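Following: one structure in structure tokens, then a few remarks.
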């Protein structure tokens, strides 16, 4: 991999989060660089989901500092994080099953018609929203044009994941966090979603990928952040290490070279 | 994890693709296309119903009008009789609109009838007991309905109490307040028409030949049309569906679920108050004992109208078709001269069938 010369887009320093006597985050650090796919792995209870929640606004850390493009940020809710450009695709996808694909993509940020109809009658601009949704899905190769007004519940698991990822990628977002995007999918659909993730990166949006699936992580990630005991143990390049090394670091069976040196 | 598992992991090839993924090399490369495979006619019908939730009640309505028309001939199939049905369902239709909003959020409102009656009593008593101008009294009645709905909304959204329990309690509280406040006293129709005709506004009518459209009927049609527009063509309306469908998903997508619930229940209360005003027009007097069954009748209309009690699915047009189906059955069977119990029996069958059909349609998602 080429050495990264640019500044990280999203950083966290010294994050601490305690739940009673349990310390979920113990001075954790995090760095995401522009245009990369950063996988986050860690054993259950290592605190990786607490860290991701802190970054996506779902929890507020007790200590530490998060910066987006150099600016210190303090999110109180996922909505605030989203407004700042950090989109999270949750494991349950946060789609409304009975609403259409277009309605779901614009849920909470609907477009209104220009002029009197929009201003006074609050009329939604259906055609513009449908066109936008169709364009975004096509851009990601998600669409052999079909009915954009189809209810999301009539789609397969992979297609739903596709809609959720397209929604995250559609609104000028700066960072996309994907939480276990392939966990609920079959082999074939996982493959398609991985291709989709690579497509999103090609469009220049950096991705944080949380996954338990080592082969998937090693296939698409540019760097792998290994979380252990509430903090970042190390970041490895998947080309320099094997999956068994990664698992060994994750579980504490082995220590990475720099950790030994330090 | 132990060394053994690490070693077994190590024996796997560290290549990107896993062994079992090799079969994929020959599979389709599209990311996620939409299925276009042929469906059987029944599946197509199921999909059609899934995308047009008001279709079933509309079909049932047209069929029942046709059947009663054939049996009864001109006695049923006249402009007078058909508009009479509209007059009879006007109140249920307006209350049903309020009920629709709440049921779309996966809630239920048992207090709609009580809110309606209390609002009508407030309109009447404020005029006759305190001598307020009728306009002011009507506004106070509307405000009273909205306040009752607002309290329901607060209890459901902020206190996180189940809507069934909240509105069951509010039903009793509001109905008791109604009797306590009015001292169970009816304001006579002739007093209202001589001193405050505004209260009977919705009893006025337009005659087109033998067709009679009361203002109450016109109000119901306009209200349903307005709510149909709001539910389908505004962000607020889409959020009503999203909140009923999956509140957690809606919240994560950026919908303020609590504020939505409070606004929906408040609007529902306001619509019930409007129904209370229309009720004075319908029965002429202000009676604290009127409209006892409005809550059950409105839920019946909503359910027969194909709106799912699990929230997020259905059209307000279905509700009006549901109310009309009940109206057609009641009047049609009465004209035939059967025991009125047959009406209730058939409505019971309709309710159960409607919910069974709803369950079947929702399987389309499988």
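Every residue number used here counts from 1 along the chain in the order it is shown.
Every residue gets a Cβ built from N, Cα and C, even glycine.
Per TrEMBL, the feature transmembrane segment maps to B:54-77 (among others). Counting same-chain residues at least six beyond the ends of the transmembrane segment (B:54-77), those with a Cβ under 8 angstroms from any Cβ of the stretch are 48, 304-306, 314-315, 317-318, 321-322, 324-325, 328-329, 331-332, 335-336, 350, 354, 357.
Annotation source TrEMBL lists transmembrane segment at B:89-116 (among others).
Feature annotation from TrEMBL assigns transmembrane segment to B:136-157 (among others).
Feature annotation from TrEMBL assigns transmembrane segment to B:164-181 (among others).
Beyond the ends of the transmembrane segment (B:212-231), by six or more residues, the same chain brings 80, 83-84, 86-87, 89-91, 93-94, 97, 100-101, 104, 201-206, 237-238, 240-241, 271, 274, 278, 281-282, 315-317, 319-320 to within a C-beta distance below 8 angstroms of the stretch. Residues or ranges marked as transmembrane segment by TrEMBL: B:212-231 (among others).
Sequence-distant contacts of the transmembrane segment (B:260-280), counting only residues of its own chain at least 6 positions beyond either end whose CB sits under 8 Å from a CB of the stretch, comprise 90-91, 94-95, 97-99, 101-102, 105, 107, 109, 112-113, 115-121, 123-124, 138, 141-150, 152-154, 156-158, 192, 199-203, 216, 219-220, 223, 236, 239-240, 243, 250, 286, 290-291, 294. Annotated transmembrane segment per TrEMBL: B:260-280 (among others), in sequence order.
The transmembrane segment annotation in TrEMBL covers B:292-310 (among others).
Summarising the annotation, TrEMBL assigns transmembrane segment to B:317-336 (among others).
Tertiary proximity for the transmembrane segment (B:342-361) is limited to same-chain residues at least six positions away from its ends with a CB under 8 Å from its CB atoms, namely 46, 49-50, 53, 56-57, 60, 300, 303-306, 308-309, 313, 322, 325-326, 329-330, 333-334. As annotated by TrEMBL, transmembrane segment applies to B:342-361 (among others).
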**Complete:** Taking the transmembrane segment (B:89-116) as reference, the highest number of CB pairs under 8 angstroms among B:136-157, B:164-181, B:292-310, B:317-336 goes to B:292-310
**Fill in**
Other same-chain positions with a Cβ less than 8 Å from the transmembrane segment (B:164-181) and lying at least 6 residues past its termini are 107-111, 113-115, 117-118, 121-122, 125, 148, 151-152, 155-156, 288, 295
